[in-house]
Amino acid sequence: MCGIVGFHGPDQVAADIIVGLTALQHRGQDAAGIATFDDAFHLCKGQGLVNDVFRPKSVKKLKGNSGIGHVRYTTQGANDSDLAQPFTTSYPFGLAMVHNGNVINFRDVAKRLHDEYHVLPKTTNDLELIMYTFASELRVKDLNHLSVVDIFDAVETTQHIVKGAYATITMIAGHGLLAFNDPLGIRPLALGRRDTPDGPTYAFVSESTCFDYLDFDFVEDVGPGQAIFIDNDYQVHRKNIPAVPKNFCVFEQIYFAREDSVIHGRLVARERVRLGKILARKVVDAGLKPDMVIDVPSSGYFSASGLAEAIGVPYRRALVKNNHMGRSFIVPTQAGREDVVKKKLNPIREFVEGKKVAVVDDSIVRGTTSRRIVRLLREAGAEEVYFISSAPPIVSPCIYGIDMAMSTELIAANYTEDEICRYIEADKVIYQDLADLQQLFAEERGHGGSCFACFSGKYPTGDVTHYLRHIQEERASHRGDKKKDKKSVSAKAPAPTEH
Ligand code: SF4
């Protein structure tokens, strides 16, 4: 999962790009980068947060009224600055590109590029495969008279060749700004517009929250397989693939996206409240009578408040988060993750002491974070702890850009609910039902359907056995403890223990 933005208008765009990337910082904290274009590309990228990478001196050099930006969360390739986006190429002429997602047939694409075009990607970043495939398709056009039809033709062939999840933004030097999605529309991308006396500025962004900060009006979501091109006269051209069933990532709504974003017509905060309300039935059916509902900050908040409202008990913010620690499941080793949880969350004893507490989190991935939270609450005097997951059990790894865990590490892929309850040392575990989630995110108002693959094991891109094997091996090696992971790949998730 990464965050991408692209701006094209009559004014300088570097400052807007930085504001946009800062709003998307939750989508990636490993690296950040910007490319702008006036009569040449200007590039600045590096490892770290947006505020670390872009200093006033470097921003001054980012000249141009067209530009793209990226915040990186490593899912493919190692985490080093060579892999930070944007990538640029002069083949067949100037292109600069960013993407959010994962290419799953990378070997086939790389072989085709080598055999047919003698192109050898320089890095392991799968963005290069998309960029060079698109570039190769452009190369066979009349480059002196490149038309919008030529550009859309190259996009369509690229979408046909490259499988997986990808939302992309491309600067085509001297022509304009292009955005296109994979045919299933798995990752989010939206188009906005701000009017100025000199003409409109258009922006493509991963999440609509960027528009709020920059006074842009939302125009539309970039649909599944759709391509949108803004030319140098600020005319908008669209190409749609007809009748493709959308498979938008439902986990964006549960966890990843910001609460104030509207994606495919749904306000993320409202959907999370609805998830909490649906859970009320399961809490009541289980005979639980909590004294209060609390959340695991901060993505559990809206679901916790929805659940509290539905069962008529108070909501309290009883876990205080240190916002200066990173997301725990992005930390590569288990010891590191447990340490982060300990330093990140502090329970308010006065609220929980002697109480039956229902604690709501967005999901349970490995169970280690959940167990640490249950222990914290018990140490603070909670009488009983019920652990409630807004998401259904995660039984399959994501191969579309979210590095949540390998299948051997996913606790729900390996153990029953009772075993998980014992492992995390809770008095009761309650998960969202997959059927309820599917009903909530069923196609409505023309907004299309969702991907539920990590809960159902049914991947919308078809048979992915080979890729699952590859991603398992690659993630193990990226975690930097190859030896340990060799063992854990053949072993199972941590054994549940009695308490
Ligand atoms: S597998 Fe899960 S996390 Fe990945 S795109 Fe599908 S719903 Fe999202």
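Quick reminder: no glycine exception, Cβ is built from N, Cα and C everywhere.
For the [4Fe-4S] cluster site that TrEMBL gives as CYS398, CYS451, CYS454, the extra residue drawn from CYS249, CYS421 is CYS249. Cross-referencing SER298, SER299, SER305, SER450 with the Mg(2+) binding residues that TrEMBL gives (ASP361, ASP362) picks out SER299. In sequence order, LEU184, ILE186, ASN247, PHE248, CYS249, VAL250, TYR400, PRO460 are the residues near CYS451 ([4Fe-4S] cluster binding site), counting only same-chain partners six or more apart with C-beta under 8 A. According to DSSP, the domain 'Rhodanese' (353-396) comprises 12 helix, 12 strand, 20 coil. Cβ neighbour count for SER299 (Mg(2+) binding site): 23 (other Cβ atoms within 10 Å of its Cβ, all protein chains included). Sequence-distant neighbours of CYS454 ([4Fe-4S] cluster binding site): residues of the same chain at least 6 apart with a C-beta under 8 Å from its C-beta are PHE251, ILE394, VAL395, SER396, PRO397, CYS398, ILE402, MET404. The Cβ of CYS2 (active site, nucleophile) lies under 8 Å from the Cβ of ARG27, GLY28, HIS70, VAL71, ARG72, TYR73, GLN85, VAL98, HIS99, ASN100, GLY101, SER206, GLY401, each of which sits 6+ residues away along the same chain. Long-range C-beta contacts of ASP362 (Mg(2+) binding site), restricted to its own chain and to partners at least six residues apart, with a cutoff below 8 Å, comprise ILE254, TYR255, VAL296, SER299, GLY300, SER303, SER389, SER390, ALA391. In the shown protein chains, 23 other C-beta atoms lie within 10 A of the C-beta of ASP361 (Mg(2+) binding site).
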